[in-house]
Amino acid sequence: MTVSGGVDMEAGGAAAGAGGAAAAGSSDDEARCGGRFVEDWCCACAGLFAGPNPMMARYLYALIFLVTNLLAWTLRDYGNSALAELQRLKVCQGARYCLGTEGVLRVSLGCFLFFFVMFLSTVNTTKVQEWRNSWHSEWWPAKVVLWLGITAVTFLAPSPLVQLYGKVAHFGAGAFLVIQLISVTRFIMWLNDCCRSEITRKRCHLQIQVVSIVTYVGALLGIVLMYVWYAPSPACKLNILFITVTLVLVQLMTFVSMSSKVKAGYLAPGLMGIYVVFLCWSAIRSEPHTEICNKKAAVATSADWVNIASFVIAVIVIVAATFSTGIDSKCIQFKKAEGESEEDDIPYGFGFFHLVFAMGAMYFAMIFVGWNAHQTMEKWTIDVGWASTWVRIGNEWLAAIVYIWMMIAPIIWKTRQVGSSAET
């Protein structure tokens, strides 16, 4: 969506007219870069009681997703006694922790099926007048009943089917992570383009330079702190490898962005540096708490309030990441849509939105069980285990590769086009 703004000014002379045109251009640029969030909230509030409201509907779907996450966590940490009463759930040969793990998979399966049904019933919706817009944005009692009914049915499913879903969920969760990192990378590049526009650079040149330097230095500082916290001795070879590769990736992204052909500035590599450092930190934090090089994890385990706060923040991040990725249907478009959007077009892709939430259901199942349905998870922990560590490290490396490719791909394609035109 593009937000357009204008300034209606009455001018008495040519100078006033020129000033009005400049003000209008400035307003257009600011609206494009900063008005999207305001427009969404205004539309949601103004149209709350005025028929189908897809802008407000997405927040209600996020609430359903959040409740499902909390239900899965409750069954994992406190549901062993309840699940033990169900004969069909006895699949782990007396290992009671598997009941909690299987409870997570069943809740995730119910959430996945609900959003997949919504995906099938709303995919390819293009206009707000279609009945599928009403189904997506209204009929909440029916959809709540559908969600609860599907979740209840999954607790009657045979255990082999649930275990099979747990294996398939690895791939769905991986696809979710790929789409998420593409969405994050696109947002960083979009923000960089906005800040590098001519009007923005004239008005906020100093502020942009300060933010660029702070993000880049912050990424380097994060790497130094990880060396101090998670690589206290030469014996921590794996952590040293992870942190060193992260340092190399940050420098490589900066080199590519500052090259003479790209000229993207320091802001984009600084923000991407913060992102990959965060992914590396998350990966090391996911190492088992018994690991001698992970002293910070041991501190978190000994302080209950720190562990609980980390868990709550992690759940909120899961929901927020799923929500933000779901409304960014353009992140997987390989060709730009031709023509301008019309007033009766839907504000975001309904089908893609529900598909991302369906994959998000697989993702939260994986991080609640540490990407391994056969390991024990401590209470108030999330995404802990060697499988989780390597998944996050792979996600970090892939994020850097995607960013570098997005930077150099336009240059490569432009060179090919010039070469092909020269041959003809």
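Glycine residues also receive a Cβ, built from the backbone N, Cα and C atoms like all the rest.
Here TrEMBL flags 59-76, 103-123, 144-162, 168-189, 210-232, 238-257, 264-284, 304-327, 348-373, 393-413 as transmembrane segment.
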Task: the transmembrane segment (264-284) touching the transmembrane segment (59-76) per 3+ Cβ pairs under 8 Å rule - done: no
Open item on the list: At a Cβ cut-off of 8 Å, and with pairs 6 or more apart in sequence only, do we get at least 3 pairs between the transmembrane segment (210-232) and the transmembrane segment (168-189), yes or no?
Closed with: no
Task: Candidates 103-123, 144-162, 168-189, 238-257, 393-413; stretch with most C-beta pairs under 8 Å toward the transmembrane segment (348-373) - done: 103-123
Task: For the transmembrane segment (393-413), distant same-chain residues with Cβ under 8 A (at least six beyond the ends) - done: 177-178, 181-182, 184-186, 188-189, 242, 245-246, 249, 252-253, 256-257, 261-262, 264, 268, 272, 275-276, 279-280, 283
Open item on the list: Can you tell me which recorded stretch out of 103-123, 238-257, 264-284 has the most Cβ pairs within less than 8 Å of the transmembrane segment (168-189)?
Closed with: 264-284
Task: Positions whose Cβ lies under 8 angstroms from the transmembrane segment (103-123), at least six residues beyond its ends - done: 61, 64-65, 68, 71-73, 75-76, 79, 83, 89, 132, 135-136, 143, 146-147, 150-155, 157, 162-163, 165-166, 169, 172, 350-351, 354-355, 357-358, 361-362, 364-365, 368-369, 373
Task: Intrachain neighbours beyond the transmembrane segment (238-257), with Cβ under 8 angstroms and 6 or more residues off its ends - done: 216, 219-220, 223, 226-227, 230-231, 264-266, 268-270, 272-273, 276-277, 280, 283-284, 293-294, 393, 396-397, 400, 403-404, 407-408
